[in-house]
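Student: One structure, as structure tokens, below. Some questions next.
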Amino acid sequence: MFFYDSPSKNLTLVGVTGTNGKTTISQLLAQWAELLGHRAAVMGTIGNGLFGQIVEAKNTTGSAVEIQSSLSTFKHAGADFTSIEVSSHGLAQHRVEALHFKAAIFTNLTRDHLDYHQSMENYAAAKKRLFTELDTQIKVINADDEIGYQWLTELPDAIAVSMNADFKVGSHQWMKAINIHYHFKGADITFESSWGNGVLHSPLIGAFNVSNLLLVMTTLLSFGYPLENLLATAKSLKGVCGRMEMIRYPNKPTVIVDYAHTPDALEKALIAAREHCQGELWCIFGCGGDRDRGKRPLMAQVAEQFAEKIIVTKDNPRTEPQSQIEADIVAGFKNMEKVGIIPDRAQAIQFAIESAVENDVILIAGKGHEHYQIIGSEVVHFSDQEIALDFLK
């Protein structure tokens, strides 16, 4: 886009793509860049702006003109580093063609957006464009993902990142976790890499966040930042709003708010929540209306497998009848004994908090950072965090 003078040429621009983890990784990149002395900006699901001054955005990846305009604004505001979530829609619709990426990160590929892409093959092909067809210098790939592992065989210059201590390093630059100790405040990750070995202290809970953090650190190492600087500054990193966000009150159940809205993300969130659960694990979730109906019974299957108590509720029903969404979800349950249906999301959260006991954990999934619900064509204020806090106090 010549009329914005190609701002990405004068920024360190990192694109992040994959089904899950894009927001956490892009936010961590910007946060870590600030700790390293940069002025960073971020674009994605939570919003766009200088880090700490983010304004809500309509789409994960805006239009080609909107992206260039935002990057130009960031540059003029003093930013020299920007992380951007690159959605499959944005890639399929050629919205990021004119950008110059210093690096691109691939997180994982699981079922999502099949209402748009029609098949997993089309979905994967859209994501792959960031690594094969666009102006991308450094490619950082999650080797533990089946698609990522396949891409590594086709991209000899890519960097492989794995949580598997037995990962066989080929000719690629690499990073792998050798040992992971999970605890109440996050995880201690012992790693080996092309840049040296050490222990990374993660402030984030969940195994998938170990993968996210290793992908971020590997990207920064590939830019030339010294390992010791990264390990020192990592201690100051904070979690991301609505991403495995833990809310605790004395003598009350623990509440975790997470954006998980795909079967894979819900499974990973429940597994991570289980690490902090000494009692029963509750799962409150719904599915968005006017979107991929095929994933709804799959979400139910995951919830039934990993949680003791389940409440099906509203997500963003949009113009689809809530009863239809519920019917699609319920079709995935084998047994309804541990399942309740409470369409009103605030009432669902209230019921869980008042019914659960101190050692229980309640995962409220699907909306994360969102502070609204879309019911019909109306957008109404709603925050899982606010509702949970009201009933925990």
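In case you wondered, yes, glycine gets a Cβ from its N, Cα and C as well.
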Student: In TrEMBL, one of 7-10, 87-90, 251-254, 315-318 is tagged motif 'Meso-diaminopimelate recognition motif'. Which stretch would that be?
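Tutor: Motif 'Meso-diaminopimelate recognition motif', as annotated by TrEMBL, spans 315-318.
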Student: Among R274, R291, which residue does TrEMBL annotate as binding meso-2,6-diaminopimelate at the site that also has D315, N316, P317, R318, G366, E370?
Tutor: R291
Student: Quick check: which same-chain residues outside R291, D315, N316, P317, R318, G366, E370 lie with their CB within 8 A of the centre of the meso-2,6-diaminopimelate site CB atoms?
Tutor: H261, G286, C287, G288, G289, K314, K367, Q373, I374
Student: Around the ATP site formed by G18, T19, N20, G21, K22, T23, T24, which additional residues qualify by having Cβ within 8 Å of the site's Cβ center?
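Tutor: Output for this site, in sequence order: V16, I25, E85, T107, N108, N212.
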Student: Helix, strand or coil by DSSP: which one applies to T23 (ATP binding site)?
Tutor: helix
Student: Please report the distance from the Cα of K127 (N6-carboxylysine) to the Cα of G18 (ATP binding site), rounded to the nearest angstrom.
Tutor: 7
Student: For the motif 'Meso-diaminopimelate recognition motif' (315-318), find every same-chain residue at least 6 residues outside the stretch whose CB is under 8 Å from a CB in it, and list them.
Tutor: 261, 285-291, 325, 345, 366-367, 370, 373-377
Student: Counting across all protein chains present, how many other Cβ atoms fall within 10 Å of the Cβ of T24 (ATP binding site)?
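Tutor: Around T24 (ATP binding site), other Cβ atoms within 10 Å: 27.
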